[in-house]
Structures are given as C-alpha cells and as structure tokens.
Amino acid sequence: MEPSSKKLTGRLMLAVGGAVLGSLQFGYNTGVINAPQKVIEEFYNQTWLHRYGESISPATLTTLWSLSVAIFSVGGMIGSFSVGLFVNRFGRRNSMLMMNLLAFISAVLMGFSKLGKSFEMLILGRFIIGVYCGLTTGFVPMYVGEVSPTALRGALGTLHQLGIVVGILIAQVFGLDSIMGNEELWPLLLSVIFIPALLQCVLLPFCPESPRFLLINRNEENRAKSVLKKLRGTADVTRDLQEMKEESRQMMREKKVTILELFRSAAYRQPILIAVVLQLSQQLSGINAVFYYSTSIFEKAGVQQPVYATIGSGIVNTAFTVVSLFVVERAGRRTLHLIGLAGMAGCAVLMTIALALLEQLPWMSYLSIVAIFGFVAFFEVGPGPIPWFIVAELFSQGPRPAAIAVAGFSNWTSNFIVGMCFQYVEQLCGPYVFIIFTVLLVLFFIFTYFKVPETKGRTFDEIASGFRQGGASQSDKTPEELFHPLGADSQV
C-alpha cells in the first residue's frame, strides 16, 4: 500500500471538515428539542389561550409536542429519499452548498415563531430543517467516502457520527435554563443553526468536488487527477485512478440502477437488505428514545438535576465516538457493530430493572444513569457510526446514490416511528418499555453475525465484486461462504 494512502493532507481535512458541519446540524436539531420541552409547551399553551380563550387540553398538548419532535423525521424521510436527485445532477459538494438555503429558512421560521405567536411556524421550521438533515445524511457520508483514501475511509467516515454527537452535546449545553433553554431565549436556541450554515457556505467553495464523481459521472479525468493530487498530497495517484477507471468500466456494463432495480437484481438485493437492516439497527435500538426523552427519563428515575445527567450522556456519547474513530480501521466494522449491539442489549436490561425497582429501592436511580451512559457508549462503538458509512462502502458508484436514498429513508422512517410513538408506548409499558428494544437488539445482533460482511481495507470495486460473485449463486451458498470474498479473513 502506498504511503500516501494513509496521508491526512490539509486539503482532505478541509473537505471532510467542511462536509461534517452538516452532520453537526443534524445532531444539533436532534438534541435541541429535548431540554426546553416545558418552556415550549408553555408557549403552545399561551398561544392556544390567546387564540381560543381556553387552555390547551393535555391530550392536544402531548400530540402537538410529539408532532414537533417527529415532524423533523418526516422532513428527514423526504430529504433522504431525494439525495439522488441532487448528487448526480449538481455534484456532491454543490449539493451540500445549495441545501444551506433550507437551514436559513428554518432558522427564520423558528426564531420568529414566538414573536408571531404561531406554533405552526415552529413546526414548519422543524419540518424544513428535517428535509435539510435528511439530505445531509446522504450527502456527507457519500462525499467523505469518495474523497477519502481506502486506508482512512472508516476513520474519516466516523467523523460524520462525531459531528452528529458534538451537535447533540452543543444543543444540550445551550439548552440549559441558564443559557438559552428559558422562556426568553428559546427562539434563539432553535434558530442558532444559521451559524454553521453560514460557516459551511464560506468553507465549501474551497473544498474539492468528489474525484469519483468527476471521473466516473462526468468523465473529467484531468480534473479528477488534479483533485486527487491535492487530496493525497502526492503526484503519483495512479492506483486511485486505475481503481476508479475499473469501477467506471463496470458501471458502463451495468444498466442505470433505479431504486426498484436494487431489489430486483440478485447482485444488489443482498447489500441493500444489509444496508436497510443496519440503518434500522441504529434507530430501533432505542437510542433516539434516550436522546429525545432523556430529561424526562432521568426525572422518572429520581435524578435531582436530570438536565445535567442528560449532558453527561452527551459527553459519554462524544468520547466513545472518538474511541470508535481510532479503532474502526483496526477492529473492523462488523466486529464493532456486534460489540455495540450486545452491550446495548445488556444495558437495556439493566435500565429496565432500575426503572422497575425504583420505588422500592431509591438507589436504583444511580443504576439507571450507569445503564443509560453504558447504552450510549456501546451505541457509539458500532451502531452509531458504522451504518452511515458502510452503506457507501457496500455499493459501487452507479447504484450508490439510490442505495443511500433507500437506506436513509429507512433510517428516518424508523426515527419518526420512535419519535412519535415512544411517549405513548412508555405510558403503556411503564418501566418495561426498554424490553422492546432489547428484543430488537438481539435480533439485529443475530442478523449482523450471519449476514454482514467485513469491508475494512477493501476498495469499493472489490466489495461490489464480492456481491456480484455471490449474487450469481446465492442459493447454493451459506452466508459465511457468500461473504468470504469480502474479507472474512480480516475479521477480528
């Protein structure tokens, strides 16, 4: 392997850093709605009282609040499904740049919702920033995967998740009552998203377009070669160009890959199934139930200062994402995902025990904090970062946009289901709500063990070739045999 293949150049750092500002936006808007729940609900009540002359009913308030949380995911579903419309027409970098218009519109709507006495403005703003984040969850892993050398693809791909968790942590800190999570400043808390949008608009014009897009989609070999030299910090980019040209030749032999074709073709059916299930394993693990409703969970657990415990979980979240960043290229994607799922299942059982015995044993509140922190830590070992970038690894340039759209749509749909339903399910099941997530985590562990290949150290074309070979005779092979060409020997 060439020394340049592991070189982290200034231009590569700029490209990845500029892109993951979008990831930070996603994380911020996921976490920002949690801490100021009570003051925003009071705004809803006052607005209702001003309009209709009576206080809002508890059932209506619960529905409006759940909608405010979950409409973000509806926007994300629409945005994620639209990824392919933009990246193939405008390119990866320009698509990220254009989408900041949505962030500015959303910031205005949410920032002026209190002044306009309109909770509809807030909900619409949440929907629009959801569309932005849905697009971002497709654009960023795709762009980062395509500009990164093979040896750094996993580590740099994890930066998308790091951007998300840093965004969540910033939202939790800004959401403190003493900072912006109060009656006067909550509109600013929701609209501060214009700052990273502005910063991304400044940085992205200096970032290169994806060399794979330039060569394979646009057939601009000279531009692709020039970009590669800057990204790799070397004049010899022969190996990268050869690999891209081989992928381009393979793409020309294939017909245009639509979303339906992903499910019809034997060569794509297995990787798209893996991509979708890995996305579901991220969202249906219960992690967003913890993020969206962590403050109220800590309150129920008897924690005196629940918002600080929530911030503690955000710090754990960030720290273990950094750990994953350094081990993903050594341990491999599959191994880390399995460890994460198993650890989360164990912590979910602990959480259930702690919440169930809280009234009899007050000290169980401490166990609930340990369980939540452990749950978050194991999430960031595998199920947090890996599903985002492994989708881009499982597909070659042709089917990649369609595959990322399908995987992203699956992610956001399950995100919406959890965001909309968790409060109701929690009211129904009480302390046993996390048993549901435990069962799902065990099922995802079994699927990952038998079906998910190791992609560490493999080029995009090598991975795609493994699936093409497997697709030709799937019925005659066990899962282990099917994925042997993809590097089962490199698993830890």
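Using the three backbone atoms N, Cα and C, a Cβ is placed for every residue, glycine included.
According to Swiss-Prot, the protein has these features:
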- MET1: N-acetylmethionine (MOD_RES)
- 12-33: transmembrane segment (TRANSMEM)
- 34-66: topological domain 'Extracellular' (TOPO_DOM)
- ASN45: N-linked glycosylation site (CARBOHYD)
- 67-87: transmembrane segment (TRANSMEM)
- 91-112: transmembrane segment (TRANSMEM)
- 113-120: topological domain 'Extracellular' (TOPO_DOM)
- 121-144: transmembrane segment (TRANSMEM)
- 156-176: transmembrane segment (TRANSMEM)
- 177-185: topological domain 'Extracellular' (TOPO_DOM)
- 186-206: transmembrane segment (TRANSMEM)
- 272-293: transmembrane segment (TRANSMEM)
- 294-306: topological domain 'Extracellular' (TOPO_DOM)
- 307-328: transmembrane segment (TRANSMEM)
- 335-355: transmembrane segment (TRANSMEM)
- 356-365: topological domain 'Extracellular' (TOPO_DOM)
- 366-388: transmembrane segment (TRANSMEM)
- 402-422: transmembrane segment (TRANSMEM)
- 423-429: topological domain 'Extracellular' (TOPO_DOM)
- 430-450: transmembrane segment (TRANSMEM)
DSSP three-state assignment (helix, strand or coil) for the residue listed as 'N-linked glycosylation site': helix
For the topological domain 'Extracellular' (423-429), sequence-distant contacts whose Cβ falls under 8 Å of one of its Cβ atoms, 6 or more beyond its ends: 62, 66, 289, 293, 435-436
Those residues of the chain, 6+ apart, with a Cβ under 8 Å from that of the residue listed as 'N-linked glycosylation site': SER55, ILE56, LEU61
Contacting positions for the transmembrane segment (121-144) when only residues 6+ beyond its ends and CB under 8 Å are counted: 15-16, 19-20, 22-23, 25-26, 29-30, 33, 40, 64, 67-68, 71-83, 86-87, 92-93, 95-96, 99-100, 102-103, 105-110, 112-113, 156-157, 159-160, 163, 190, 193, 210, 388-389, 391-392, 400-401, 404-405, 408, 411-412
Stretch with greatest number of CB pairs under 8 Å, the transmembrane segment (67-87) reference, 12-33, 186-206, 307-328, 335-355 candidates: 12-33
Spatial neighbours of the topological domain 'Extracellular' (177-185) far in sequence, C-beta under 8 Å, 6+ residues away: 35-36, 39, 42-43, 192, 307
Proximity verdict for the transmembrane segment (12-33) and the transmembrane segment (186-206), three or more C-beta pairs under 8 Å: yes
Distal contacts, the transmembrane segment (430-450) - CB-CB under 8 A, six or more residues away: 277-278, 280-281, 284-286, 289, 334, 337-338, 341-342, 344-345, 348-349, 351-352, 355-356, 358, 383, 422, 479-480
